[in-house]
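Enquirer: Supplied in structure tokens, the structure appears directly below.
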Amino acid sequence: MDKGNSETVPKMEFEEVLNQQVGEFGKYQLRNILLVLLPAIFMGFVAGDYIFTAGKLPHRCAVPICDDLAHEYAPEWILNAVPETSTGFDDCFRYANKTDLPDSLPSGTCPASLFNRNIVINCESYIYERTNTVVYDFGLECQEWLRALAGTLNSLGGMIALPLAGLISDYFGRRISVVIFGFNVAIVGCLKAFSINYTMYATLQFMHTAIGGGLYSAGYILATEIVGSRFRIYISAVMSSAFAFGQALLGLIASAELEWRHLTLILFVPVFITGSYYWLLMESHRWLLSKNETKKAKDTLQRAAKLNGKEISESSLNFLLTAIPKQNKTGKNIQNRNLIYRVLKSRVMLQRCCTTPVYWITTTFIYYGLSINAVNLSGSIYLNYILTTLIEIPGYWTAVLILDRVGRKATLFSGYIICGICCIAFAFTPKSFYGLSLFLYLLGKYCTGLIFTSLYLYTTELYPTRHRHSFLGFSSMLGRIGSVLAPLTPPLMVYWAGIPSVLFGAMSTIAALLILTQPETRGRKIPDTFEDAENIT
């Protein structure tokens, strides 16, 4: 995507000279992209570790007169003492004891005659099926909304990370940003493993993304800036695939190490390796040129050309070092202040600025919602999570294959509609139909991968070059509202298991209809000015 630095002076000539003298894709690009794939994988850990470390634990009320030393979670007599629910038996309530209780019972028995089944009381203590998350350590039984807060804070931290990442990346550079955010991810992740209470754990969950969430975007921007324009959509899919692979790897590691403190250390101690990127990773030559870092830019361009088997001429090097104009900061600030006024005066652009955030909110809501709720599917929670994350990867590459063939609108409309149908159908599919339920769930998640890749491209094509990054940042930052709300959907299953899926389906359908109000951008010139953007109809 364009970053809005070099849209004046001979832009095409600059691109042509750069591609010819340095190369669009070679050993220089491959070396750096392979390096930034590792931070993308690490960010997959950050995005979903709370799903397992703060996961819901199967538990029930302890029944003092009946529970023997074995403390079996689901004995044969359980429904005599605990109310039955649609999913088995109640987590947080049991029947009150009758007053005339025997002193002891035969081992393994607990007749219904011991309880007054007309009176239901809260648990005094609990029996767990397993004890490997913060729910057990910090006493979060029957506090689903409080438990879900960890995921919400994780997403709220992401809203802080977006402007912070842009500031640090634009001021200090892409390479330094990877090092800084990588260190933050590692140190906060390790501290989380030593949390002494839920307040500390939840606070660190917020800080993890707030000061570490820029790791992915720093690597993503560097990767897209060092390749030629025709390779950027492929690099976008590669980076997204690495992120999805990281989430799947998280599920695999979580299945092998069940204890949440050990799991956290296993995930985040290796992230300290990004500190070596200060010496291993090369800075984006575009960023160096935009900052007028002439000597460093010259060294980087020469080294890049050499790695790609090329020799850059002196005249071409001089041209590249002086081609990008230096923007006047005062003028830029004035333009940004006028931008809001211009949007409010333009019906076309105002409508566009109101609809694109809805696409982003919807997509992040469904994307993270399906990932989080995957552990509530029938079968292995780990296998379900792994499958739900891996299915995104074909979605990313499907978008690469069809966007230029069928268009942006058709791709997005189809993705939203199919996703909506799958989510609503899943809500009404009986749990006994495990194969069908899993198919619908995975197809819905596949569509979110398709939508995400398409939405990045479509959003950038709807807005003018000079302000493209601002509009994209505006839409994606509001989109974080969806990821903030997503962790709050599992507690809604207490009222009806299908509520989250119906919400996902309804939002997806609304987004599909809104897509129809926007223009097609396939084959059209990317707008350079505000007027160009208004004329896309």
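Just so you know, the numbers here start at 1 and follow the chain as drawn.
Quick reminder: no glycine exception, Cβ is built from N, Cα and C everywhere.
Small disclaimer: the values here were computed from a predicted structure and weren't measured.
TrEMBL lists these features:
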type     : residues : note
DOMAIN   : 104-523  : domain 'Major facilitator superfamily (MFS) profile'
TRANSMEM : 33-52    : transmembrane segment
TRANSMEM : 176-194  : transmembrane segment
TRANSMEM : 200-222  : transmembrane segment
TRANSMEM : 234-254  : transmembrane segment
TRANSMEM : 260-281  : transmembrane segment
TRANSMEM : 349-370  : transmembrane segment
TRANSMEM : 382-403  : transmembrane segment
TRANSMEM : 410-428  : transmembrane segment
TRANSMEM : 434-458  : transmembrane segment
TRANSMEM : 470-488  : transmembrane segment
TRANSMEM : 494-516  : transmembrane segment
Enquirer: Out of 33-52, 260-281, 434-458, 470-488, which stretch touches the transmembrane segment (349-370) the most, going by CB pairs under 8 Å?
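Expert: Out of the listed stretches, 470-488 contacts the transmembrane segment (349-370) most.
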Enquirer: Looking only at the recorded stretches 33-52, 176-194, 200-222, 234-254, 470-488, which one has the largest tally of CB-CB distances under 8 Å to the transmembrane segment (434-458)?
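Expert: Between the stretches 33-52, 176-194, 200-222, 234-254, 470-488, 234-254 has the largest tally.
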Enquirer: Name the range, of those listed as 176-194, 200-222, 234-254, 410-428, 470-488, that has the largest tally of Cβ pairs under 8 Å with the transmembrane segment (382-403).
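Expert: Per the Cβ under 8 Å count, 234-254.
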Enquirer: State the non-local partners of the transmembrane segment (260-281) in its own chain: residues 6+ outside its ends, Cβ under 8 Å from one of its Cβ atoms.
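Expert: Those are 32, 35-36, 38-39, 42, 45, 49, 52-54, 132-134, 137, 175-176, 178-179, 182-183, 185-186, 188-190, 192-194, 215, 222, 250, 253-254, in sequence order.
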Enquirer: For the transmembrane segment (33-52), give me same-chain residues lying six or more residues beyond its boundaries with a C-beta closer than 8 angstroms to one of its C-beta atoms, as numbers and ranges.
Expert: 133, 150-151, 154, 178, 181-182, 185, 189, 205, 208-209, 212-213, 215-216, 218-220, 222-223, 226-227, 235, 238-239, 242-251, 254, 260, 263-264, 267-268, 270-271, 273-274, 277, 280-281, 368, 371-372, 375, 385, 389, 487
